[in-house]
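The next block holds one structure in the form of structure tokens; read it before the comments.
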Amino acid sequence: MLLLELNILTLNIWGIPYVSSDRRPRIDAICKELASGKYDIVSLQEVWAQEDSELLQKGTEAVLPHSHYFHSGVMGAGLLVLSKYPILGTLFHAWSVNGYFHRIQHADWFGGKGVGLCRILVGGQMVHLYNAHLHAEYDNANDEYKTHRVIQAFDTAQFIEATRGNSALQILAGDLNAQPQDISYKVLLYTSKMLDSCDSDSFRTNECEHNSYTSKQARERNPLGIRIDHIFVRGGDHVNAEIAEYKLPFPERVPGEKFSFSDHEAVMAKLKLFKLEPRSEEPVATIEVNCLVEDGETCSVREVGAGDALTGEDDQSSQHQPEIQCNGSSTSIQSMPAARTAALLEALALCDASLLQLNTDRILYYSAATFLFVLLVLLVEFTAPVGMRTIFLLLKFIVFGVILFCVFMASIWNYMERNGVLQGKKSMEVMLHHAQKYEYFY
């Protein structure tokens, strides 16, 4: 029996005030597209300006009358949800690690990033929509935020598990800054047992060649672009969720203009929910995929869903299934205990490396503070030449300020980040230790 049908859309709108190009005309164009009535639930990221949030809500209220913006940090979390159906409850969970406050040019810390939950009532069924925007990757060769994203991914998976309750469907839609081969993607998908609505190499959502905002360097680095914007799905008990369609629905350019809607591509998934009769001897919650790929062919995949354990017999039978690559299939088809264990072990190794680096950083900051303190004492004892007193006084204030910064980074900030990483590491160890023995509960 068909319970409901939903069109879910996610888009990073690139709405950074004074930085993002063509921001106002792009927001207007996005409003017009969302007001077309094609989408039932919309998950937006990087809505950093209050005026943009209000414009998006007001411009779409005729077809998406229910909305919620998640406030957090200095600038707001940048997360906005628009819905055709009533939003009965909301909850925001801030991540324990989220970049560095002194990296002003990156600004992730100021957003107070986390995962936002909207409990939406659709046709008598409770749907949980999770909106998230993981920490950005600024340097692929030297990614100092990799551990932060891994912990954010694991934290998000645990948040989804802890809050899913008796919801018929859980949807995570957002900019996860993680490609399918990345460890943060694997940790999130394998530990949450969600399904990626896309598994086709033909889709890219960022740094795309046709996007007007893709730089020449990005095109040279990734000629085809990357896929970091995702819609993950997980069915509730006694529910079969069919992913009927996956596509990038927006045109390449804003109509009548030479620029794109955003530096990211919008992603849409069409979902159908069916009620299943529970069976005591078989798993009951499933995810079924039956959707079109780019060349027009179809594929069908059934995935064990939210509340089900994978027994050894299930695992063995799955090994005889042919590998299917299609628009709606997912690497989470392989999210068996072995794959989850491998992902967690890799994540734990990253956490250990980060903890060692934090210890080294603490020593370096204290050493720098000690050296600068000696320099400050010498400056105090030194008599400034005539005409140089103002400069010397300013120099003393600068040195004193740097000393305070080094002491803060070596003590308060170092312990804050250490505890954040340590908490994530301990939580992963708990799952790794108990998951295989108590697989039913994971």
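Heads up, the Cβ atoms here are built off N, Cα and C, so glycines get one too.
Residues annotated as active site, proton acceptor in Swiss-Prot: His264. Annotated region 'Disordered' per Swiss-Prot: 309-330, in sequence order. Summarising the annotation, Swiss-Prot assigns site 'Important for substrate recognition' to Asn177 and lists similarity to another entry as the type of evidence. Annotation comment: Swiss-Prot describes 362-384, 391-413 as transmembrane segment.
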Same chain only, please: residues at least 6 beyond the ends of the transmembrane segment (391-413) with a C-beta under 8 Å from a C-beta of the stretch. Say none if there are none.
100-102, 361-362, 365-366, 368-369, 372-373, 375-376, 379-380, 382, 384
Roughly how many Å separate the Cα of His264 (active site, proton acceptor) from that of Asn177 (site 'Important for substrate recognition'), to the nearest whole number?
11
Same chain, 6+ residues apart, C-beta under 8 Å of the C-beta of Asn177 (site 'Important for substrate recognition'), given in sequence order:
His133, Leu134, His135, Ala136, Glu137, Arg149, Ser184, Ile228
Other than its own, how many Cβ atoms are within 10 Å of the Cβ belonging to the residue listed as 'active site, proton acceptor'?
24
